[in-house]
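Here TrEMBL flags A:1-218 as domain 'Cytochrome b/b6 N-terminal region profile'. The feature transmembrane segment is assigned by TrEMBL to A:37-57, A:121-141, A:147-172, A:184-208, A:237-256, A:290-309, A:329-348, A:360-385, A:397-419.
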Ligand code: HEM
Ligand code: FES
């Protein structure tokens, strides 16, 4: 099949290389759309589109404080299809964040991250970090008010890390404030180092998927296999076409934003971080920085990197949500965490002013420890309830924790994005 | 434990890389070296030209110069200590308001309302031949205001 196609022509080496990303035969269950939703493939496609449009943008972009903004204007007004290319790049970057997040959700909840796949989960998390870092470094390049103040706000968050915070922020910015050095740093990372790392990690990622024997599937005695060409490849081409068509269509009507040129002397009101970091910024509004910038991010990262390696007792690899109970607990804890986070933030904003009530206590307790307890204690009671009442075991409880973390972050992100106006105050 | 050649070389490389990383974190990558140190000082003009109990914004130097009743000078950075936005003056309190997340500071730069957790940084002032020289490159952190932060003629 692979060596001879319909016209009897043997495939070229380049074709063979691409064909070797897949095995020649594959389990029918693996190519069902609702096994992977094609999300990994969509991520790869978006990366390719980003690389191509990015290379084109490099022909007109000038990474200096004097010219960066003007070069974007030049692209917009004096270059044929300039704005369109920029829109494509902008949209693909947005979609890549969403797609890689959904891909993470799918591999996690389909229990595809254990044993041999554990290593690939780590590579995946590193790629997620790269996706965010790429978006973040790209965000600064237009050098408009949006870019300048978003990067200012985020690099200031780094300063809250004890001991090394200031040096680290200085290293990232190349300076005390966001300026030409920062632009140079970000440009180098965005168009050089990060894409290169990405290509390396992606190659490893694909190789490890194949090494683990393809996508994870529930154990079964009888396995039905079909040819990858045309069964899988035709589906991939179809999905890719739909994604590309949608991107092109949206890029015609939706312009990537560009505000006034950056003015370091005037902050817009409100100054928000890039949308995918808004959850983190929201946390910083309510919690003492030692918790919101140090303990919670590090604990969460540790938890996610550890996920494949915790002790589990009844893993059903490849089974969605592990068990019917797992499905129930995931959905319920996700919904409850979303609402609970919202309600807690609403109360912290309007009624619970621990910083004023306990003004002679150290702020790490009044605005740190107490709000954290307000969140953690109900969550712990909730998990205990599942354990006692429904005999949820370790596997399901850890799954509930993951759902609670993801859902709370989304809740905070949406609050910050949609419900905060001037002075970052809630609009109701 | 035995140290063979491979292990030795690996460890050597790791050590060199760590030291390099440490220096990078400590000192960063220096992009421009300035020829003379005096460049860093911002000259605000004659000390006698400033009235007491008044606030003078120096946007290009990124600071507010306050002269208090007793004639003491304080140069406060205009960067909010919460997340680095530029604070505005508030004529009612005589202090500063941040447009970004609504922190408020009093006339000494101390926090009136959160989310900021520490007062505005200040810059060292030296007075030479009656002229105020402000070192805008070295902001000084503080946890509250006290008299020693003021500079007198
Ligand atoms: C952002 C760039 C990424 C690309 C291009 C990518 C690509 C892929 C592809 C093509 C697959 C094959 C199955 C599928 O399509 O779902 C896959 C599987 C996998 N990915 Fe990703 N991925 C990316 C990010 C991530 C992230 C963020 C994670 C999680 C932290 C992750 C973890 C995994 C795991 C564990 C598998 C194996 C799943 C299984 O065997 O069923 N990947 N990836
Ligand atoms: S930056 Fe001033 S309050 Fe957040």
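First residue shown is number 1, and so on along the chain.
Yeah, the Cβs are placed from backbone N, Cα and C, and that goes for glycine too.
Using a Cβ-Cβ cut-off under 8 Å and counting only residues 6 or more beyond its ends in the same chain, the transmembrane segment (A:360-385) has close neighbours at 286-288, 290-291, 333, 336-337, 340-341, 344, 348, 352, 354, 392, 397, 400-401, 404.
Sequence-distant contacts of the transmembrane segment (A:184-208), counting only residues of its own chain at least 6 positions beyond either end whose CB sits under 8 Å from a CB of the stretch, comprise 21, 44, 47, 51, 54, 58, 63, 116-117, 119-120, 123-124, 126-127, 130, 133-134, 137-138, 140-141, 151, 172-174. Here the transmembrane segment (A:397-419) has long-range neighbours at 105, 108-109, 272, 275-276, 278-279, 281-283, 300, 303, 307, 310, 312, 321-322, 326, 329-330, 333-335, 337-342, 345, 379, 383, 386-387, 426-428, meaning same-chain residues at least 6 beyond its ends whose C-beta is under 8 angstroms from one of its own.
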